Amino acid sequence: MEVAMVCTRVNLLILILSLCSPYKFIQSPMDFGPLNLLPTTTTASSDFGRILFHSPSAVLKPQAPRDISLLLSFLSASPLGKVTVAARGAGHSIHGQAQALDGIVVEMSSLPSEIEFYRRGEGDVSYADVGGGIMWIELLEQSLKLGLAPRSWTDYLYLTIGGTLSNAGISGQTFKHGPQISNVLQLEVVTGRGEIVTCSPTKDAELFNAVLGGLGQFGIITRARILLQEAPQKVKWVRAFYDDFATFTKDQELLVSMPVLVDYVEGFIVLNEQSLHSSSIAFPTNVDFNPDFGTKNNPKIYYCIEFAVHDYQNKNINVEQVVEVISRQMSHIASHLYSVEVSYFDFLNRVRMEEMSLRNSGLWEVHHPWLNMFVPSAGISDFRDLLMDSISPDNFEGLILIYPLLRHKWDTNTSVVLPDSGSTDQVMYAVGILRSANPDDGCSHHCLQELLLRHRRLAGAAASGLGAKQYLAHHPTPAGWRRHFGRRWERFADRKARFDPRCILGPGQGIFPRDSSSSNGAFASYS
């Protein structure tokens with residue numbers, strides 16, 4: 001065993017030296033004992049955004065957290081080179097955040113996929129211990145067999161546990177239960193130093209809080225303990241249409257003020273026939289809404305609130321009556337409220353149907369120049385105006401989500417960045433501009449760059465004028481990241497110095513470019 005470990009260490013040192021060399025030695029699969037290091041793949045250099053393509057020098061397919069630990073321990077201790085490491089989950093990033101140019105990509109899906117469930121376990125709560133490379137859809141499928149499910153979700157479930165927890169993880173349940181990072185009891189993390197640490201709010205809390213929403217900068221999540229609740233059997237799914245933005249947001253804020261009755265709240269802008277049709281694919285009932293969208297020079301814009309009420313099939317609660325009580329307080333367009341009952345699984349997995357429709361049309365694997373932002377409620381109307389000035393409603397392809405979140409459901413000890421709050425502004429909005437750009441429809445490289453430029457200008461204006469912050473942020477320079485973090489930068493940088501002082505992890509974010517020229521460690525120029 002000791003001989004094998006020595007051989008592994010020697011071979012890994014050879015790998016590091018080859019990576020630091022100006023020549024490329026990794027041209028064929030290599031087996032370094034327990035470390036399965038492979039040459040780069042197309043998958044490792046691409047993501048859902050299809051905007052950036054940065055090829056690594058090698059791919060690690062770990063069989064256990066110890067493999068990741070061994071790799072990072074060597075890189076952290078090595079005085080040579082500037083090799084970086086990125087953890088890749090489902091590859092759903094937009095701007096190459098999980099890529100590592102000339103570095104090493106860790107394929108998290110290679111980790112063991114066991115899920116352990118505990119009903120009414122420690123602390124009198126139910127939870128699941130799940131690997132960081134497992135997708136949320138897998139956790140849902142297994143937990144439902146026990147009548148349980150996580151409380152907080154993302155809209156799309158084919159994302160990894162570790163990936164969403166490294167950002168925040170939001171959806172229509174966030175107003176009620178907080179983001180996914182507020183529903184974690186414990187983590188197993190491999191730090192940038194190569195240490196395997198089990199952390200929680202009461203044990204190694206600084207690492208626990210750093211990693212949650214930490215953009216992969218402090219450690220790689222290899223296991224998480226996710227809080228569970230009783231799963232409903234059915235969901236009453238409701239949509240209501242509006243022709244006035246102020247009324248739309250007023251009703252959204254009304255709904256999130258009723259967490260006892262309402263379980264999910266989102267909303268979206270209806271710009272044109274295409275957006276109305278695509279948003280209706282997963283909604284399994286007839287929507288008899290045929291609005292006048294005006295003309296190109298004088299467009300008419302509509303809005304849709306989507307909310308849901310869980311149905312536990314309890315005879316003491318009539319879900320139809322609950323929806324009636326809620327809807328009577330709303331001010332939607334008369335006769336344009338629609339509802340349908342679906343299974344809990346189908347409701348949570350609703351985006352999958354839209355995905356399959358796009359795949360069948362050849363429109364899934366196209367460019368996705370998305371922009372996601374958190375906007376203070378006081379500025380949401382002004383943001384809407386900025387947004388409409390930056391797009392053409394008649395030819396916009398994609399979805400624009402707008403829905404409210406409640407600040408007190410977020411733990412500010414984590415690394416996530418929220419807009420600074422006023423004394424009374426406890427509501428903020430999640431806005432997702434989820435557009436597609438299809439080269440086959442004429443959106444060439446120039447077209448894509450123009451869309452990205454528009455988004456940068458919109459994000460910049462919203463940040464400087466409204467105090468908005470990017471979610472799933474992309475900033476091309478470290479200076480841009482400093483502005484993004486604002487007063488939170490010092491804490492973020494201190495955490496980097498503590499847990500990943502050589503700046504090995506998360507190179508695709510571009511927050512801490514690794515500098516091999518400093519003998520005191522790569523972090524010296526950022527502290």
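Cβ coordinates are placed from backbone N, Cα and C, and glycine is handled just like the others.
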Co-listed FAD-binding residue [Swiss-Prot; alongside A87, G89, G91, S93, Q97, D155, T160, S166, I170, I221, Q509] among Y127, Y302, Y429, Y471: Y471
Other CB atoms within 10 A, centred on Q97 (FAD binding site): 25
Neighbour tally for T160 (FAD binding site), based on other Cβ positions within 10 Å of its Cβ: 26
Protein Cβ atoms within 10 Å of Y471 (FAD binding site), excluding its own: 21
H92 (pros-8alpha-FAD histidine) to Y471 (FAD binding site) - Cα separation in whole Å: 14
Integer Å distance between the CA atoms belonging to N413 (N-linked glycosylation site) and Q97 (FAD binding site): 23
